[in-house]
Structure formats: structure tokens, C-alpha cells
Amino acid sequence: MRAYFASFLAFSTLTFSLAAVYKDAESLPNTTRFDFVVIGGGTAGNVIANRLTENPSWKVLVIESGPTNDGVQGSIIPFFYNGLQKTIYDWNFTTTPQQGLNGRIVDYPRGHILGGTSSINAMFYTRGSSSDFDRFAKVTGDPGWSWDNLQQYIRKNERFIAPADHHNTTGQFNPSVHGFNGINSVSLSGFPQTTDPRVIQTTVDLGDEFPYNQDINSGNPLGVGWAQSTINGGRRSSSATSYLATEFIQRPNLHILLNTRVTRLLQTKNSGSQTALRTVEYAPNANGPRRHITATKEVILSGGTFGTPQVLLNSGIGDSSELKAIGIQPVHHLSSVGKNLSDQPSLSNSWFVNSNKTVDSIESNATLAAEVLRQWQLSETGPLVSTALSHAAFLRLPDDSPIFRDYPDPSPGGKTPHYELAIRNGGLTSEPGHFIGIATFVSTPVSRGNVSLRSSDPFDKPLINPGFLGSPLEMFIMREAIRGAIRFLAAPAWKDYVIGPLGPLQATATDEELDEYIHASANPGDHPVGTAAMSAKDAEYGVVDPDLRVKGVSGLRIVDASVMPFVPCAHTQAPVYIIAERAADLIKKAWLV
């Protein structure tokens, strides 16, 4: 049944119309000169395109490798958030064999569609802690990246709206920490789950360990709170549906080129002592013709944590010795390109429950699935308007945890969690039955990996090595996250509801038993960052300066998750939006002096 949904949703479409969007390079007017070329129409790239075209005298071209999101039902309906994985709308990346995962090669879904990963992700809207952004400011030496100074950009992005069912949300969020006039829609769950009262009761029963947090996006996410998601009524709100909405896409100075891969950047001319890289080479496929286009002002590279270093390395920007080893002529030595890859390991945990009112019924019963799909098609209401993930808990290890005798605290401050519990009214498994699922995340990973090239062919997928669970500290945190989930479900609120675990999730499990389970079952948290990290302007490491210009190069900036030097304690969609909003202002100010 789950496989049926994935197939149905990937290739089912609803019909809409778009303007100024070109399906191939032949359709692009060849007489048009562009001030800015944005590589990647994803979460960040579409923000940049929208904000720069607010200036009617600037022409902007976005080059997106994937197809349109227009009418793709699997991207539109929130409940089917993972239905586009392993389809044409996914880059279908995999990792190299991971020692921390028993040598497994694991999938790494990334959006290959207009809107990027914001068009295929789980829509969870979490900003992280104030300390996360204050650490960005400290590392870069730029106070503009601090939590307080980014508030204006949070509000420029966010349009907090009523949930699809218009239920009373009093006490479920704090209006004072949200924006209501931005572009990207954010809301609470629009369909009640039968587990909701039990979750809230647990914050009463076990309030010392699991206190209620009215708003996990206040800068202090610690505790248990209601999940906020990028959902607009009954539909996903992505960077494509929001920043490229009809009122914006029809701007005459905005052009979107789809189904086109950027292969590399070429030298335009030198600007003083710096190499200028404002010429973009692109092609429809590996055998198609290579074309060039030059931005008169800047190229903004927004290819994501994997795509951005791939383009840079193929362009000869990276570690010179590594480039020469695969037959690429170095253009600019920048050894940090592709390094510092960081992500949050995750684990999908499920417990059998004494109820048939879980979303497992929708995923396993074709008749019920057809009914709820019909309800959504008629009114955009019902269980499909939600991901069934209504709550999350962000928690810290105790200050006296024995692991801190040997390892320093990896968090940037006391408001930053070490792990997350994402609670779903349904299983995180393909096994039959009725479940409650709790995904556990290591929110503050310390292992670092890298992205490198497989060959000099830009159409070859990169080698992705996250180095998951390479530290005893991460293993300790994941064990404690699992034990935290076990304690959460042992609260009186779950008595006679939770039957037992699927897998070795007993309260009596030893470290060794949990370690075996973790190594065999953990996966990427799908929040990779860091491969083009920002650093202080005079730093010898890093890829971009605090203004996101590539070090030692003119005419090129990077705006996406790759610039974050550390992964925040968040699902990275919201931080990327925030970074992109500030980046747009930095670019505007640079060209309006």
C-alpha cells in the first residue's frame, strides 16, 4: 500500500499554469542579459530570485536541474511528504559505506524539483536555538548573523496562519515570536491526532524531564511543544509555492529555466588580483550541448550542501592537489570546499499500540486511503492536511552526564538541546500493525565528513561521506535519546495504550544492545550542512566570507545550507530561509551603493 502511494503521487498531477518558466534552454530568449544568475531553484535560491526581482531594473535567471513542482500531487498534499523519494523528483543520492552504520550505504533524499528539498521534505518548521545563531555570529565575526539581528529576516520569511481545521490554537504557540506578514506559510497541525492529549498529559505527569514549551521557535526550544509546519491550509508551502507564487512569477524580470544542469563556472575576467567567475556553463543532460551565460553582476550558487561543492570542484575551485588527481585543472585553491560536512543522525523507533486510530490505517487500507484522498480533493480537509507529527521534544543531557568527563559539551549554550524526539501518531516502519512512532535525532553532532568528486564528469554523482556516528559522544547522545523516548512512553498517560516496542527498545536494554540497534538502523537526519562554510573574513579556513562571497573570488556568492559552519538544533529548512533572506539584503546593498 505504501509503495502504491509513492507511485501514484509521484506521477499524479493537478493542472495549473506558470509564466516566465522555461522547460528547456531552447525556450529561453537568447537576447536577454541577466544581472544575476541563481544556480538552483531550491529553498534558498527562490528566496534570492524573489527578493532581487523586487528591483524592476534587475533581470534574474534561475537555473534549476529538476522539473517543475507545478501540479505534482505528492509535493502538494502534506500527508504524503515522503512519497517523492526515489523518484524523478529526488536526486537519489547515497552515501559511501558508513563505518558507524555497519558499513551500510544509505539513501540521502534531496529535492530534484523546483523548490528543492522544501518541495519534498517533512515541512517541519524549527529555527533552532538563539545560541546556534549567536555562534554563527561569533565564528564569522559578523554580528549580523546573531539571533537578535536576524529577527527581521525571520519575519520577512514567515506568514504564520491558522491551521486547516481552524481549531482554537490558544496556548499552542506564542504569537509574539512569529511573523504574520511574510511570504512562506507556517501553521500548526490542521487535523487532530488521538495521541495529542496523551502527549500534553505527559508534560504534566513527567514535567521535570519533559516540560511543556508553548513555542519551540522562541529561541529556547527546550521541552515538548506543538509542531509547526510549512503548510498553507491543506497544502505544502514550499519556496516554489510561496516565493514563486503567481504574483511573483509573473514579474517580467524573473526567468526560471528548468530541467537544466549547471556543469561548472568559467572564468569571466579577473577583477584586480581575484578570479572572476560570473560565467555559467549548463546542459540538459550528459550528452546535450554545453551553453554559457554570463551574469553582469553576480552568480549566486544555491545548489545545496551536496550540489554546491560539486559545482565548485568541477569548476576548479577546491583543494588543488585533489582536483589534479581526478584530472581537473585548478582555478582557485580553496581547501575547505566539500569539507566540514555535518548532519544529525536519526533513528526511526516504533511501539505497538492498543488502538486502530493511527495513521497506519490510511497507509495500509486502500479503501480508507481512497476515502481520505477524496475528502482532500473535495475540500482540502481531513487527515491528509497533516504529517501526523503534532509534537516534538528538544532535550539536553544532564550537566553531570558521565560523557562530559571525556568530551566537551557540543552545544553552543544551555538553551540548545542535545537530542530531539519527533512524535508521530503512526509507525515509522513498513511493518504491519498500529504504532506510535518517535524519531530520535542527535541535534548536536560532532563528526565531520566530506563531499568529493567521483570523477571529472559533472553528471557523475558526488561521493558523500557524512562520517555518521563517528564519535562515542554521538553514540551516547543517541542512546540517551532512545531511553528518553522509552521514559516518555512509560508515563501514566500511555498506560494501556502502548503495548510494547518494535525492536530492542525495552527499558532494560544495555548499552551494547542499543549500540547494536543504532549501528544497524540509524539513517541520515536529512539536515546536511557545512560543505561551503562561512568564516571570518581573514580566516584561513572556510569557503565564504560573512557576506557569503567566495573567498578570493569575485562575482560569486553561495546561499544555501552549505554555508552553515555547524548544524543548528533544527530541521534546517527554516534556518536556510532565514539565511537566504539576509543574503538577499547583503546582495542588494552591495549593488545599490
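The backbone N, Cα and C atoms fix where each Cβ goes, glycine too.
Heads up, TrEMBL stuff is auto-annotated, nobody curated it.
TrEMBL lists 1-19 with the feature signal peptide.
Taken from TrEMBL, the feature FAD binding site applies to Thr117, Val262. For Thr117 (FAD binding site), other Cβ atoms within 10 Å of its Cβ number 27.
Taken from TrEMBL, the feature domain 'Glucose-methanol-choline oxidoreductase N-terminal' covers 304-318. Residues 39-40, 42, 65, 91, 93, 108, 110, 116-117, 262-266, 277, 328-335, 337-338, 341, 451-453, 456, 458, 462, 464, 528-532, 543, 550, 553, 558, 560-562 of the same chain lie 6+ residues outside the domain 'Glucose-methanol-choline oxidoreductase N-terminal' (304-318) yet bring a C-beta within less than 8 angstroms of a C-beta in it.
Residues within less than 8 Å, Cβ to Cβ, of His527 (active site, proton donor) and separated from it by at least 6 positions along the same chain comprise Asp343, Gln344, Ala561, Val567, Ala570, His571, Thr572. In the three-state DSSP scheme, His527 (active site, proton donor) is classed as coil. The feature active site, proton donor is assigned by TrEMBL to His527.
The feature active site, proton acceptor is assigned by TrEMBL to His571. Cβ neighbour count for His571 (active site, proton acceptor) (all protein chains, 10 Å cutoff from its Cβ): 25.
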What's the number of neighbouring CB atoms sitting within 10 A of the CB on Val262 (FAD binding site)? 26
